[in-house]
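Q: First the structure, which I've put down as C-alpha cells, then a few questions once you've had a look.
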2 protein chains.
Amino acid sequence: MGLETLSTNRSFGGVQGVYKHASAATGTDMTFSVYVPDHAPGAKLPVVWYLSGLTCTHANVTEKGEFRRLCAELGLIFIAPDTSPRGEGVADDPDGAYDFGLGAGFYVDATQAPFAPNYQMWTYVTQELPALIAQAFPTDMDRQSIMGHSMGGHGALTIGLTFPDRYKAVSAFSPIVAPTRVPWGQKALPGYLGDDQTAWRKHDAVALIEDGARIPDLLVDQGDADNFLTNQLKPELLEEACKAAGIALTLRLQPGYDHSYYFISTFMADHLRWHADRLGSS
Amino acid sequence: MGLETLSTNRSFGGVQGVYKHASAATGTDMTFSVYVPDHAPGAKLPVVWYLSGLTCTHANVTEKGEFRRLCAELGLIFIAPDTSPRGEGVADDPDGAYDFGLGAGFYVDATQAPFAPNYQMWTYVTQELPALIAQAFPTDMDRQSIMGHSMGGHGALTIGLTFPDRYKAVSAFSPIVAPTRVPWGQKALPGYLGDDQTAWRKHDAVALIEDGARIPDLLVDQGDADNFLTNQLKPELLEEACKAAGIALTLRLQPGYDHSYYFISTFMADHLRWHADRLGSS
C-alpha cells in the first residue's frame, strides 16, 4: 500500500508513528501521524480522527496535544492528518498568507484553478486516508469519531454532520462554526469552491444544520480569551443552530483560555472520554 | 528585577509563562519558563526544577513534557531554564557541534577561554535564577526539588548531590551519570574546566558519590531502546555507586523506550508524584 514509516516512538505503552504515502486524491506525498495503544493480539481498536488548524501539520497535536495517556487508557487509535497538500508545484496563496493555500486546506475538494488539482482534502480525509488506515493499522472502522481545532474544528463538524452514521462522536476545540459568515471562510470558500454558495453551505456547520443535517450531540470547548472568538469563531451561531435543530450541544466557554495547544491539551482528556463513551470504549 | 514576560497562556487552570532577564552570571539575556498552578491567594508553592538536555531550550519540555496536569493537581511550580548562554558574542563549539557550546552548557561554571565569560550555568541555575524566582513567583523556596533529562539529568544529579539540604527530591530521565567516563563529558569537562580532574569530579554524579556525597534516594528512568544507553549514559555505573554508598536508587529500565520526549512525557507523572511526596505536596 506504499506506506513509508518516517518514525516510531514508544509512548504511554503504545507506539506513536509518523508515516508518509503518495496520495491519489491530492497528487502529492502526504504525511500523517497515528498513535496505537498497547492492545491484545488481534484486537481491533476504535479510531479518533483529529483535524488540525491553520498553519499546522500532523506534528502540532502529535507533540503538544497530550492525547496519548488517555488513548492508552481508553484503547483509542488517534490519527492526525496534515492540513493541506504540500510540495513542489502545489499552489499557495498568491501573497503567501497563512489562512489560504499551504497549511489551510479547509477540508474541502477545491474546484477552482490553480487549487483543484491538489486541494482535495475532503476526499483525502473522508475516503483515501480511512481506506489506508483500515488496511495498515488494527482498527475497527465501524467505530470512528472525529474532533478538531479551529479550521480543523470546522472540518470535524462538517464531516461529522455529513456522515452521522460513520462518526459516532463529534467534538471541537474553538471551531470555525460558520465559515460563510466570517473572514477566514469568506476568503477560503470562494477561493477553493468559486461563487456557488450552495457549495459553500456544504462546508459550513451552521448552514448544514440549518439545511437539515443532524447528529445527536456535540461537545465544543472555546476559550474566552481567544483572539479569534468574536470575529472568526462565533460559537453563538452554532448554539442557535443546535438549539433550533434539537442537537444537544455542550458548549463550554473556558475562562482565561486562548487559541493555543496550552488550551487544547487542558481539555483533551475530557474530549477523549466523550468520544470513548460514544465509541463503546470507556 | 528586570523580568520581561514573553508569553503567558492559561493551561490546566494555571499559567504557563515564558520570561527573559539579563543574567549577571552569564552576561547574556536568559529565557526560562515557569508554570504556576492555580492556588489560594497568598499561598507559597514548592518548586520543581527541570534541567534540559543537549540542544534544548526551555521550550522542549514546556511544549512536550506533559507536566502541567500533575503540577496543577499536586500544587507544584515547574521551572525550565535554558541549557546555555546564547546571543551575539557567546562562544560556541569551534565546529558547531551539538554537544558543546551553545545548547550544551553542562551546568558548570567554565574556567577556560573563550567560555568562562558566559558559560556560568552552575551559578546561574543554583544561585541567580533561584533568587529571581523567589522574588517573582509565589514560591516556598524551603521546598525545592530537581529533575532533568540526559545532560540535564547530569545537572540534576550533580546539583542535587551537592546541595542535599536544599533539594528535597532528585530524579532523572536517561541521565549522563558519569561524564568523566563517556565521550560527551570527556569533551565538555576539559573544554569548560581545563585539565584539572579534581574539578571534573565535582561535575560527575558517580564521582561525587564515590567522594562522599549523599542523598537518601533517587529515581531514574531509562529507556532500553535509547541510542545513547551503552556509550554515553551507562546507568549501571550509578547503580554500583549508589549500592556502595547506601543511596536508595530506584532505577527503572523501560522496555522499548528511546531518548525522546515521547519517553519523558510517559513517565513525567511518576516523577512529579515522587517529588510531591518528598516536598510534602501530595
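Positions of Cβ are set from backbone N, Cα and C atoms, glycine also.
Feature table excerpt (TrEMBL):
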type     : residues : note
ACT_SITE : A:SER150 : active site, charge relay system
ACT_SITE : A:ASP226 : active site, charge relay system
ACT_SITE : A:HIS259 : active site, charge relay system
Q: About how far apart, in whole Å, are the alpha carbons (Cα) of A:SER150 (active site, charge relay system) and A:HIS259 (active site, charge relay system)?
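A: Roughly 8 Å, rounded to the nearest whole number.
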Q: Would you say which of the active-site residues A:SER150, A:ASP226, A:HIS259 has the most Cβ atoms within 10 Å of its own Cβ?
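A: That would be A:SER150, with the most Cβ atoms nearby.
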Q: Between the Cα atoms of A:ASP226 (active site, charge relay system) and A:HIS259 (active site, charge relay system), what distance do you get, rounded to the nearest Å?
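A: It is 5 Å, counting Cα to Cα.
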